[in-house]
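Below is one structure, written out as structure tokens; comments come after it.
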Amino acid sequence: MTSTQRTLMVMAGGTGGHVFPGLAVAHRMQAQGWRVVWLGNPAGMEATLVPRHGIPMEYVRFGGLRGKGLATKFALPFNLLRACAQSLRALRRVKPDVVLGMGGYITFPAGLVTVLTGRPLVLHEQNSIAGLTNKVLAKLAKRVLVAFPGALPNAEWTGNPIRTELARTEPPQARYAARSGKLRLLVVGGSLGAAALNEVVPRALALLAPDERPQVVHQAGAKHIDTLKENYEAAGLSCGSDVALVPFIDDMASAYANADLVICRSGAMTVAEIAAVGVAALFVPFPHAVDDHQTTNAEFLAEQGAAVLVQQRDLSAELLADWLRGQSRDSLAAMAERSRSLAKPDATDEVARVCAAVAGANQEGKQ
């Protein structure tokens, strides 16, 4: 670190929905000459993922504010105090010029200590319904950014930071116009798979005549790949040229861009990526998401004709088969174009710009 190099601390952890947008901003800031340090939980996915990206880490142990039983509630004051002390030590070691909170349990104690020690805090909320931590910290932060308009009062709508390759895909008009033959369907269950999709999609495809069936790439999750194969075989469909089963997809930009239609959950990052690429989507929100935020995430596109929303309780093989029969490449292309028009492909640059501006304003205030 040089004497003039500025430092960003990113606070994020727990799930990919918090960590991956944080990584996108971290890499952009590094490219602009910033030193970046990550604050996370040693038990979270960030503890293994972030160091692989060459970003040093500081750690805070904290399990969240929402109650998980009587013992957890009684222990909350002690755990919060300990996490605040760990956050204070980390901030003193790193001496950041600005702190970016991207969500996750540790953001609460670390965000409080950031403000109490006079350091500037920038918050980013990825979901359409803000979490408890960001609702509290939004009142204390210098700038509040949101991925979905209206998620927090008096916030700036930047969109969700995404990987560069997703924002650089060919426009949907050109992609869809260049295709012929069967529709291309991508089914994405996430890294853990989605049992409801794994069960319903094979049965729905079996109800279609062979010439009506799309070509399918079905990402199942490593633990579910054998069960999914059995589901397709039970439906009378063999896995081969028209159905490809994969446990994981490394290059999501290409997978989205090669599809005419995606059937998937509606986590914040998934919705942002689908809009950025511009691809038609049928969203089936995870019904047990906190505050049912996946439904409102999907509604952002669905209410403007840029996607279709089907609740899991309503999803059936018959419903899905009937809907697929009514789709054409032209109708899906129109949906994809509307989706692309609602994207915020420059979100990563915008969040980075805000962080730099806040750091600069804070430095000027000290002079």
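Backbone N, Cα and C define each Cβ position, glycine as well.
Pulled from Swiss-Prot:
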- Thr15, Gly16, Gly17, Asn127, Arg163, Ser191, Ile249, Gln294: UDP-N-acetyl-alpha-D-glucosamine binding site (BINDING)
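There are 22 other CB atoms within 10 A of the CB of Gly17 (UDP-N-acetyl-alpha-D-glucosamine binding site), with all protein chains counted. Cβ neighbour density within 10 Å is lowest for Thr15 among the binding-site residues Thr15, Asn127, Gln294. In the shown protein chains, 18 other C-beta atoms lie within 10 A of the C-beta of Arg163 (UDP-N-acetyl-alpha-D-glucosamine binding site).
Around Ile249 (UDP-N-acetyl-alpha-D-glucosamine binding site), the same-chain residues at least 6 positions away in sequence with a Cβ under 8 Å from its Cβ are Val188, Gln219, Ala255. When secondary structure is read from DSSP and collapsed to three states, Ile249 (UDP-N-acetyl-alpha-D-glucosamine binding site) falls in the coil class. Taken residue by residue with DSSP, Gln294 (UDP-N-acetyl-alpha-D-glucosamine binding site) is part of a helix.
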